[in-house]
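What Swiss-Prot says about this one:
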- TRP182: site 'Interaction with histone H4 N-terminus' (SITE)
- PHE234, ILE235, ILE236, GLN241, GLY242, GLN243, GLY244, LEU245, GLY246, GLN247: acetyl-CoA binding site (BINDING)
- GLU269: active site, proton donor/acceptor (ACT_SITE)
Amino acid sequence: MSSAKEQSSVTAALQPEQWTTSSNEALKLFVTNPEAALNFQPTFTYPIFGDAETIYGYKDLDIFLCFDHYTFKPFLNIKYSAKLTDDPEIIDIKKTIDEFLPKSTIFKDEVKWVDSIKEEKDNGYKIPGKLIDSFSENDKEYDIYKIDLKSDNGYELHQRLQILVLLFIEAGSFIDAKDELWNLYVLYEKDNKSTSNNEPSIVGFTTAYNYWKYPGAKKFDSTEQESRIKISQFIILPIYQGQGLGQLFYSHLFDKWLAQDDIIEVVVEDPNESFDDLRDRADLKRLNTSEQFDFKAVTPKVDKEWVEKTRRALKLEKRQFARLLEIILLYKLKHGYPGITKRDVRLFIKKRLYDKNKEGLATLDDNTKKDKLQTAYQALEDDYYRILGDLKLNIKRENDEEETDTVSKKQKV
């Protein structure tokens with residue numbers, strides 16, 4: 001930048017730390033709306049700036065990446081007080097980031113960015129997709145849109161959003177949005193203020209892939225096609241986190257897929273711990289109200305046919321349904337439900353752990369094998385109780401039901 005000092009790298013050779021900046025700290029993200037610019041920091045920057053997540057050769061470096069709350073049009077600005085000039089390790093920051101941003105990104109000229117956003121809106125910008133669901137939470141209203149990736153505006157919106165995948169999902173990568181099997185769902189917060197222009201704000205998004213499932217020879221010639229939905233990327237902007245919106249977003253999407261006959265299963269690609277937590281709690285709450293799920297059937301001797309039939313009806317993948325059954329068993333154990341013993345629950349969970357790790361355990365002697373299984377079980381039990389927290393499941397004891405029946409009979413007399 002012309003306003004910054006340019007210095008020879010020889011002068012900095014003995015003090016490289018003064019010219020080295022954490023890229024996680026230098027990159028400052030903003031979402032701007034008519035009232036404020038909301039700031040948040042990235043979790044990762046290594047996909048852009050390398051594994052060390054550092055930038056060498058600049059002093060007092062700040063990288064500003066801003067997005068409009070509605071169109072998500074990006075603005076990039078880079079500021080520093082001094083820059084080294086003759087070191088091959090020094091990167092061109094703008095050129096480096098440009099590889100991950102759409103061509104519509106405005107650089108440095110903030111007035112031009114504001115004018116370009118206004119121009120888009122004046123030309124009738126609308127959310128490029130179909131409204132598929134709505135919900136309310138904490139006196140606010142939210143809409144879920146399925147974005148039309150075949151349209152120019154839909155594809156462009158994805159191009160604007162996708163850099164967040166690199167910044168907030170470990171090992172995240174871009175998808176081929178031109179592949180027709182990819183779907184993009186975006187969550188918006190509606191603006192119902194009488195003094196505003198009623199523009200919604202992007203809260204988060206998820207990408208999901210449709211996998212066609214071979215139905216077997218009997219159904220192969222059928223006109224009905226079955227598919228699996230695989231959730232690939234799932235992001236709630238940090239400025240909206242901590243409000244339960246991710247869980248609601250996931251649950252409302254799952255309910256939509258549950259109602260579609262052509263979708264037979266919903267799976268998740270390499271979920272991290274935070275998404276596992278969100279998913280476990282959301283799925284448990286769905287089971288709480290599902291007419292297809294019988295909590296009484298969940299015992300350490302649960303019928304395998306019931307498990308498979310119920311899992312298919314609920315469109316849950318095997319690993320996830322097994323986790324839910326184990327969590328429910330521990331819930332029953334914790335609350336003293338009859339017929340549930342700690343030993344039986346422990347053996348039930350250990351069996352799945354053993355089957356999952358059979359090859360690795362096969363080379364160990366019996367004592368080591370038992371120790372490994374016990375350690376794995378204890379860690380899982382602790383994690384399940386953490387996930388349960390203060391969640392209340394809709395499970396009635398048999399004596400509770402008998403008491404209810406007695407009261408009902410007395411009322412009829």
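Cβ coordinates are placed from backbone N, Cα and C, and glycine is handled just like the others.
Secondary structure at GLY246 (acetyl-CoA binding site), as computed by DSSP, is helix. Figure note: comparing Cβ neighbours within 10 Å for the binding-site residues GLY242, GLY244, GLY246, the maximum is reached by GLY246. According to DSSP, TRP182 (site 'Interaction with histone H4 N-terminus') is assigned to a strand segment. In sequence order, LEU187, VAL203, GLY204, LEU245, GLY246, PHE249 constitute the residues six or more apart from ILE236 (acetyl-CoA binding site) in its chain with CB-CB distances below 8 Å. Counted over all residue pairs in PHE234, ILE235, ILE236, GLN241, GLY242, GLN243, GLY244, LEU245, GLY246, GLN247, the record's binders of acetyl-CoA, the longest Cα to Cα distance measures 16 angstrom. If you measure from the Cα atom of PHE234 (acetyl-CoA binding site) to that of TRP182 (site 'Interaction with histone H4 N-terminus'), you get 14 Å. Of all the recorded positions given, namely TRP182, PHE234, the one with the smallest number of surrounding CB atoms inside 10 A is TRP182. For the pair GLY244 (acetyl-CoA binding site) and the residue listed as 'active site, proton donor/acceptor', the Cα-Cα distance reads 21 Å. Annotated acetyl-CoA site PHE234, ILE235, ILE236, GLN241, GLY242, GLN243, GLY244, LEU245, GLY246, GLN247; additional same-chain residues within 8 Å of its Cβ mean position, judged by their own Cβ, are VAL203, GLY204, TYR240, LEU248, PHE249, LEU278.
A C-beta separation below 8 Å, combined with a sequence spacing of at least six in one chain, links GLU269 (active site, proton donor/acceptor) to LYS230, ILE231, SER232. When the Cα atoms are compared, GLY242 (acetyl-CoA binding site) and TRP182 (site 'Interaction with histone H4 N-terminus') turn out to be 28 Å apart.
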